[in-house]
Amino acid sequence: MTQYVAAIDQGTTSTRCMVFDHSGGVVAADQMEHRQIFPRAGWVEHDPEEVWGNTREVTARALAKADLTAGDIAAVGITNQRETTVVWERSTGRPVHNAIVWQDTRTDAICQELAGRGGGQERYQSTTGLPLATYFSGPKIRWILDEVSGARDRAEAGELLFGNMDTWLLWNATGGPNGGQHITDATNASRTLLMNLDTLSWDGDICAEMGIPTAMLPEIRSSSEEYGRVRERGVLSGVPIAGILGDQQAATFGQACLSVGEAKNTYGTGNFVLLNTGNDKVMSRNGLLTTVCYKIGDRRTVYALEGAIAITGALVQWLRDNLGLIASAPEVEDLARTVDDNGGCYFVPAFSGLFAPYWRSDARGVIAGLTRFVNKGHLARAVLEATAFQTREVIDAMNADSGVPLKSLKVDGGMVANELLMQFQADILGVPVIRPVVAETTALGSAYAAGLAVGFWSGEDDIRANWAKDKQWDPTMDEETREREYQNWKRAVTRTFDWVQ
Ligand SMILES: Nc1ncnc2c1ncn2[C@@H]1O[C@H](COP(=O)(O)OP(=O)(O)O)[C@@H](O)[C@H]1O
Ligand SMILES: O=P(O)(O)OC[C@H](O)CO
């Protein structure tokens, strides 16, 4: 009897396997962190083989915890950190380079060169919905083909394959060199700078301009259909892999933001606000991305506007790992509660430049407003407030683009355990912030996509019915304080500009 659906959530800091029942409840879970490799300032890499090894391990451990076997699982969904780029050999499965992570800024010169050509930024935005920025996969593939000896010739000959983490895991799970499926879904493909947002196919002209042979690109499919079955030797042997969604789109789906105008914010390594815009793609005039939200089987594509913020939870990690001011991420709340306010201190974590709504690769981090009064408690508060201020900036942009002010914000991700942050977020936005019972909405969203494809769930009404509120924070800050604090933040942001020359 197949009573459950499994999800693999391959995130920036860790890989999880979660098993869900029909009500969307968590039956079992396991998680492993992988190494963050920083070869130079601004460069961030992961080892794809380590990530694949961790995926197998967390899957085996999650099943063992609930005493389940492959026969109990109706389908598997994959969700993943988006944009992170892997290039590997078709015949052996060996990566030709470490994965280049979404936060990595090494492709700045490539992006500037492409922007300088005919059409430049404007052409990329109108075709792909994205600005030309180091964040996306296309320039990262180009860098690997330029820098790894012989790689471009081998890619042209069909010997090398490209994939984001979804494709890398799917290919390995379905057999690797022995029949592995080379497939991605439209949400992941919409983050490469290479896909046409209307046709959901690779844009031949852009690929040629970027020097990327189409022979190495995966087939683009919907987010909910059977792509293949787990290889014979896998713990989930024979189970269909039937859902793929980029992690932020998965969280949108898992939060049941299924109607036009519904939005969620995920607080992880970075923050990502997605607003469902239905079957219409809205082109931003305020620094947001236009992206595929999901495509269920052969139904019409649903699009989203996205505010992508590079560094939020990663700043808490930085406080822990680089300064040693806290021993674990949750301790940042205790430290921040030792003071009443930020003491005039604002921390703008432009570690990878600034993403939405600025897209400034020349920006670098700044702590503004330092005096002898400021202590580590104020610094902890400034670290948490940075997440809330950055969120306000992208919500403002969204309100301007859509013309309809947001009434409340659904939240999820690792940082939403932080009650101080959630209250400050409601205060600085001036709208209620709502956390669901299952905060693991990313894994849940990909489980829903997989379960829908095999008939485990019958439709979107099941997803809506499973969503339940855990807690709500209402704004308590007066308007004058809110705007004064926000304007101080904005002034601090301007101090990060023009640093990299
Ligand atoms: N209680 C907390 N307060 C503040 N930040 C937290 C807390 N718990 C976890 N974090 C941060 O949340 C992030 C982990 O969230 P998660 O959703 O697992 O991220 P990802 O999916 O990006 O790997 C880390 O960057 C960590 O610093
Ligand atoms: O791994 P996360 O949760 O930080 O998400 C990363 C995003 O997908 C990057 O676009």
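Including glycine, each Cβ sits where the backbone N, Cα and C put it.
Bear in mind that TrEMBL entries carry predicted annotations, made automatically and left uncurated.
In the three-state DSSP assignment, the secondary structure recorded for Ser14 (ATP binding site) is strand. Around the Cβ of Ser14 (ATP binding site), the number of neighbouring Cβ atoms within 10 Å comes to 17. Summarising the annotation, TrEMBL assigns ATP binding site to Thr12, Thr13, Ser14, Thr269, Gly313, Gln317, Gly414.
Glu83 (sn-glycerol 3-phosphate binding site) falls outside any helix or strand according to DSSP and counts as coil. What TrEMBL lists as sn-glycerol 3-phosphate binding site is Thr12, Arg82, Glu83, Tyr135, Asp247.
TrEMBL lists Thr12, Arg16, Thr269, Gly313, Gly414, Asn418 with the feature ADP binding site. Counting Cβ atoms from all protein chains shown, Thr269 (ATP binding site) has 26 others lying within 10 Å of its own Cβ.
Sequence annotations record features per position, and here TrEMBL assigns glycerol binding site to Arg82, Glu83, Tyr135, Asp247, Gln248. Within 10 Å of the Cβ of Glu83 (sn-glycerol 3-phosphate binding site) there are 25 other Cβ atoms, across all protein chains.
Look at TrEMBL and you will find 4-254 tagged as domain 'Carbohydrate kinase FGGY N-terminal'.
Under the heading domain 'Carbohydrate kinase FGGY C-terminal', TrEMBL lists 264-453.
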TODO: Go through Thr12, Thr13, Gln248, Gln317, Asn418, our binding-site residues, and report the one whose Cβ sees the most other Cβ atoms within 10 Å.
DONE: Gln248
- [ ] Around ligand 2, within a Cβ distance of under 6 Å, which of the binding-site residues Arg16, Gly313, Gln317 show up?
- [x] none
Task: Gly414 (ATP binding site) and Glu83 (sn-glycerol 3-phosphate binding site), Cα-Cα, nearest whole angstrom - done: 20
Task: Listed in sequence order, residues not in Thr12, Arg82, Glu83, Tyr135, Asp247 with Cβ within 8 Å of the centre of the sn-glycerol 3-phosphate site Cβ atoms - done: Asn80, Gln81, Thr84, Val101, Trp102, Asn164, Arg191, Gly246, Gln248
Open item on the list: Of Arg82, Tyr135, Gln248, Asn418, which is closest to Gly313 (ATP binding site) if I measure between C-alpha atoms? They're all binding-site residues.
Closed with: Asn418
